[in-house]
Amino acid sequence: MAVTSDRKNNRKKAITKFNDLDFVPTISDSEEDVPDLDDSDDELLTSENKSVKTPAKSKKGKKNDPVKINGNGDEVAEDLNPDFRFNIDGGELSTNFQGWDFVGDQKENDDDMKKDVDLDGIIRRKGGLLNMAHIEVAEEEEEEEEEEEEEEEEEEEELAMDGFGMGATKKNEQEEAGDEDDDDNEEEEEEEVDDDKEDDDEEREEDTAEEMASFYAPESESSEATSTVHSTFNSLTLSRPVLKGLSDLGYTKPSPIQSATIPIGLSGKDIIAGAVTGSGKTAAFMIPIIERLLYKPAKVASTRVIVLTPTRELAIQIADVGKKIGKYVSGLTFGLAVGGLNLRQQEQELKTRPDIVIATPGRFIDHVRNSSSFNVDSVEVLVMDEADRMLEEGFQEELNEILTLLPSKRQTLLFSATMNSRIKSLISLSLRKPVRIMINPPKQAAARLTQEFVRIRKRDHLKPALLFYLIRKLDGTGQKRIVVFVARKEMAHKLRIILGLLGMKVGELHGSLTQEQRLQSVNNFKSLEVPVLICTDLASRGLDIPKIEVVINFDMPKSYEIYLHRVGRTARAGREGRSVTFVGESSQDRSIVRSAIKSVEESSSKNKAVSRNVEWTQIEETNKLVESFGETIDDILVEEKQEKEILRAEMQLRKGENMIKHKKEIQSRPKRTWFQSEAEKKNAKILDTLQKNKKTVNSKKRKRLEALEDNDNSRSYKKTQKDRVVDQERSMKKQKIANGKKSKNKKKFNKR
């Protein structure tokens with residue numbers, strides 16, 4: 001009791017002494033006047049640093065003992081907190097950041113029922129994935145010497161604009177059409193390729209100076225933003241919680257896009273920003289958003305920020321970026337609304353009205369229309385990541401619907417590596433004098449990227465063997481992350497089987513997988529459990545997985561913009577990277593190579609474009625082994641299909657049991673609505689396909705496509721020669737009958 005009364009008296013003296021001051025004093029103002037209030041708190045030490053008692057000392061002596069001994073026998077001063085640890089580098093360099101987390105549903109009751117086919121198990125039963133296929137390869141020392149010689153050759157063989165015969169005139173070659181696949185309007189670039197659109201970008205009309213002056217903010221604002229260089233995040237006047245979150249991520253200096261956009265974002269102005277891949281665009285819009293949310297009303301829960309992305313994986317990644325940056329901001333909440341994940345779980349999350357909602361367009365509209373307690377009336381900021389993709393035809397209808405749902409008075413931020421600045425496509429977004437910030441020249445690859453090209457000529461059948469050869473050459477130990485891009489998901493799946501039979505474990509990522517399988521593939525690749533990931537253009541945008549050393553373009557993309565997004569998965573954030581592209585003889589392939597070489601020649605960065613030489617004799621030997629797997633591959637596909645059918649039947653059985661068990665609850669749920677009818681969705685899909693392929697929309701074509709849709713894409717009946725003969729005979733009979741009637745009528749008329 002005496003101790004507590006002394007402490008109260010000391011506090012009163014300290015308060016009365018500083019009562020007349022106009023400022024709040026700190027300890028450094030007068031260290032002598034700081035009352036000693038913690039004399040009685042010396043016993044509150046942690047369990048790790050318990051004092052070692054000596055038998056000859058009394059309680060009084062123990063209190064006055066200035067030194068204690070911890071469990072390790074080390075002396076510790078009593079006035080120091082034993083749990084305190086000095087952070088020598090201020091958290092700037094000692095980060096253990098290993099990349100963003102890709103976490104889907106947190107399922108509480110996850111039953112043990114098998115949900116996916118074990119493809120690796122099937123391949124293993126057929127003799128694959130055991131030992132790496134051994135094709136006659138030189139010894140390790142000779143390999144290293146060859147690699148060194150090859151690198152020297154590559155440096156000498158830098159491609160010029162006429163490389164690969166780029167100056168030769170060739171007839172346009174038709175590429176095979178890919179199957180249509182509309183999986184939640186995601187980034188599945190599998191439609192028909194048309195070589196005639198290789199010069200589309202050159203033919204596209206450019207905005208006039210008058211149009212740009214009336215639409216954009218004054219050029220002075222943009223130039224001032226890009227010319228102002230911030231050496232640290234402290235100079236951006238950010239709050240301490242945000243700075244602490246950035247420090248934990250290892251962010252020490254803002255990138256050019258962050259330095260330019262953060263001050264404008266904090267001021268509430270609209271932004272249209274573009275920068276090369278891996279330059280930190282996600283943090284560039286997330287930092288000012290979180291900083292502004294520090295000043296939100298504490299007691300009113302409402303959704304204030306919407307972030308739209310074209311793919312589910314990108315949305316999950318952005319949510320993790322935001323959570324890590326806002327880790328120390330109290331009361332900041334995030335919500336996720338993406339397709340493929342648990343709908344009810346997302347509804348419960350959105351009922352709490354999180355501050356920031358990251359979503360894909362389709363699922364966002366679904367929740368706004370059908371989820372109770374979730375509304376967007378208080379939205380203040382709309383962000384569109386990969387905005388050029390979001391403005392394309394595939395998302396147009398949904399984007400227009402979203403813009404009608406959101407308040408017109410809002411801040412809009414558009415970000416992309418290949419930002420389309422056409423004013424015509426931006427008018428629908430209701431932007432208010434947006435500030436246009438383009439850090440790098442448009443359509444430029446990241447710095448420190450080495451772009452290699454392998455000329456295939458007429459050896460398309462050797463591409464799987466070439467892929468195996470390159471992966472072994474670039475990473476024989478399986479310690480590098482390699483991404484392989486293909487045009488079609490069927491090819492991605494087939495390559496996984498082929499490489500598995502050759503003893504190489506790889507993953508796949510495309511729209512035919514469930515969302516759980518997709519996230520599992522990304523996480524396995526991130527943890528190097530699977531060092532090679534074969535994917536479609538679903539993964540070409542936004543995904544930031546650390547230390548991807550190599551990108552291989554197994555199939556050439558259909559445009560240079562998609563090529564930039566693909567190779568942008570490596571050489572991120574100032575790191576070195578390498579891309580290897582298989583180049584065919586089509587004019588489209590040549591056009592993309594020309595654009596890449598031109599970009600390298602015009603840039604002042606350290607990237608380069610070279611021709612890669614390969615051992616075709618060794619690749620042909622590997623191809624013989626691949627061709628011998630023909631029947632085995634078919635057997636694996638058949639067995640996989642059978643297992644899928646069994647799993648599907650089990651799922652339907654379980655679904656039926658649940659419908660019987662929870663019949664009343666299911667029937668009591670209101671029917672979910674959509675802003676388009678089935679007929680409208682079908683017409684929009686057809687028009688979208690026709691416009692993408694640059695074909696005229698006429699009624700005959702539309703009716704044929706609608707008939708195909710109604711018949712589940714089954715082929716319409718085509719007349720045979722026999723049918724034509726029958727039709728001709730029938731028409732001739734009708735003509736004879738008609739002529740006979742005419743002659744009879746004529747005779748009757750003459751008699752009269």
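Using the three backbone atoms N, Cα and C, a Cβ is placed for every residue, glycine included.
Annotated region 'Disordered' per Swiss-Prot: 24-82 (among others), in sequence order.
Taken from Swiss-Prot, the feature compositional bias 'Acidic residues' applies to 29-45 (among others).
The region 'Disordered' annotation in Swiss-Prot covers 130-228 (among others).
Residues or ranges marked as compositional bias 'Acidic residues' in Swiss-Prot: 138-160 (among others).
Residues or ranges marked as compositional bias 'Acidic residues' in Swiss-Prot: 175-210 (among others).
Panel annotation: around the compositional bias 'Low complexity' (219-228), residues 256, 259-261, 263-264, 435-437, 439 of the same chain, lying at least six beyond its termini, place a Cβ under 8 Å from a Cβ of the stretch. What Swiss-Prot lists as compositional bias 'Low complexity' is 219-228.
The motif 'Q motif' annotation in Swiss-Prot covers 231-259. Each residue in the motif 'Q motif' (231-259) gets a DSSP state, and the totals come to 17 helix, 0 strand, 12 coil.
For 262-437, the entry in Swiss-Prot reads domain 'Helicase ATP-binding', with the evidence type sequence analysis.
Per-class residue totals from DSSP over the motif 'DEAD box' (385-388), listed helix then strand then coil: 2 helix, 1 strand, 1 coil. The motif 'DEAD box' annotation in Swiss-Prot covers 385-388.
Marked as coiled coil by Swiss-Prot on the basis of sequence analysis: 631-698.
Annotation source Swiss-Prot lists compositional bias 'Basic residues' at 695-704 (among others).
Marked as region 'Disordered' by Swiss-Prot: 695-752 (among others).
Feature annotation from Swiss-Prot assigns compositional bias 'Basic and acidic residues' to 712-732.
Sequence annotations record features per position, and here Swiss-Prot assigns compositional bias 'Basic residues' to 733-752 (among others).
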So how many of the residues in the compositional bias 'Low complexity' (219-228) end up helix, strand or coil by DSSP? 9 helix, 0 strand, 1 coil
Could you tell me the mean pLDDT over the motif 'DEAD box' (385-388), as a whole number? 91
